[in-house]
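J.: Starting off with a structure, shown below.
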Amino acid sequence: MLDNKTDALPQHQPELPTRPQLPMPKSDQVYFAEEQKGWHGYVEWEKYPDKAKRAAEILSQHKFAGVPEFQLKPLSSTNPRLEGVRWKQYHAALGPTLENLPNESWDIVKEEKAEDMIHVLDFPYNGEPPRDRLVGTTLTRNEDHFVRNHGGIPVIDEDEYCLDIGGMVNNPTRLTLKDLKNENLFPRQTAVVTIQCSGTRRIEQIQEYPGDGDELINAPWGEGAIGTARWTGVSLKKVLKHCGGLKEGAGHIEFMGVDTYFKKGQVYNYVVSVPWRKVRIHEVMLAWEMNGKPLPKIHGYPLRAVVFGYIGARSVKWLARITAIPHPSTAPVQKKEYLYYTPQAGKHNASYSSGFSIQDMPVASAIISPIDKAVIIHDGAIKMRGWAYSGGGHWPERVEVSGDGGSVWYETPYEKLSQKYFHAWRLWEIDLPVDAEGWLELVARCWDNAMNTQPTYVRSTWNWDLHVTSSCHRIKVFSVNRSRPATAKRLKRLEQEGIDFHPVTKPLEIDLESDDEYETEMQRRGGREPEE
């Protein structure tokens, strides 16, 4: 029996919080046109530095809402947890082309995502599914798959879609989606791939050691910023070969998504890169299908990148351009974000150059059931369920759990682990033997096929930008072991008298024992005081 009332993230969908108190900027004299017919919400900034400069000047003329403080103060229990007021105001300041994107994006969330999604951030949308469904199936339902967006959701007409491939390729080419789907030109690729946000389980770092209040809000993710799908598309290597291959010196492939992105008062499109070596081994796909269905708009329709085993931020949605370049991209998302710092770096000394870029996801796991602070009435065993994952082409080989904080470990039965894939998670389940009662610390860790395992404590992996919470996952539960006679007796009496055991912190309304029981037991124990 689980008391799920103490879940750290809301499992319901209340009304949206009150809209921002600061007035939206007036933008009557501002107009930035959409770049292409049939690409709603796409304003091109990268090609036009003068236009980007003008947008930055406009932003500099307004006062916007500050970054919300939710780490050193209690985090709201509303759903959405955070609203993203400032980013909505940025869009409003840049005129009618973008000002309605926040509301339009929210409409797409309601259309394409499950009703009970946990909305971690309203805009740009960040959301994860309820825990029970997260590990219900190996392939995550499209409507339950987590979303981490960096801007508004563009709506692109497939018939108007085209992808430009250039830079250090021998034959720069423009391809339509029809071209990419033409199996006479490109053999199709299908693969089961887990995509994980580097912020997964960030709430654990925040609760123990807060960190960077990022401009885009380092969202307080729980264990659900991860999902697995069967993706269908074409290997990017095949596409680049169709374009005549790469020129000498090309070492990285840059992706540009059309969503508008802001950094330190400047305006960009979303741009990142991956090394050519990753593309060369067919571990980068251009995907148009997710679990046998066309990509949802919120997941990048009509075309996105899927980078196997890498941080989710590299799997760019709403692709417009692919560019071969000699070095990693210098765009702000690649150069200035998703960096991993030492534990002594922080606001006082962090620099872009002192952090290394997060690419491969490390081995990690999560306990999905039970939840932290749950009260569990059991008969000598506690059922635990969760996920385990390792990026970079590794896979979970073993999952172990502990009921005493990490001293004694139990291996999950191999038949209770889901199928192995090169680039996907495994779901696990175990009935953990538990004799003890009272507060226990349950722990999970994963070993991958290269014998990598997880650091012991959150402190071991803390970093200023609060990325990659790869430490052993720890939760605290209150154990009530019904196989013990005294416990069984007490529970039976409460049931007979109609007294709810929950919450465990509420005092009982009855005496713990009768006077006769007390006297008999005290005589048996030899009384309170020594006789001489």
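A Cβ is built for glycine as well, from the same backbone N, Cα and C atoms used for every other residue.
Remember, TrEMBL labels are computer predictions, not curated facts.
Checked TrEMBL, it gives:
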COMPBIAS  521-532  compositional bias 'Basic and acidic residues'
DOMAIN    150-331  domain 'Oxidoreductase molybdopterin-binding'
DOMAIN    357-477  domain 'Moybdenum cofactor oxidoreductase dimerisation'
REGION    1-26  region 'Disordered'
REGION    512-532  region 'Disordered'
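Describe each of these features in terms of where it is and what it packs against.
T.: Counting residues 6+ beyond its ends, the compositional bias 'Basic and acidic residues' (521-532) has Cβ neighbours under 8 Å at 513 in the same chain.
In the predicted structure, the domain 'Moybdenum cofactor oxidoreductase dimerisation' (357-477) carries a mean pLDDT of 97.
Each residue of the region 'Disordered' (512-532) gets a DSSP state, and the totals for helix, strand and coil are 11 helix, 0 strand, 10 coil.
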J.: Taking DSSP states H, G and I as helix and E and B as strand, how many residues of the domain 'Moybdenum cofactor oxidoreductase dimerisation' (357-477) are helix, strand and coil?
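T.: Going by DSSP assignments, the domain 'Moybdenum cofactor oxidoreductase dimerisation' (357-477) contains 7 helix, 56 strand, 58 coil.
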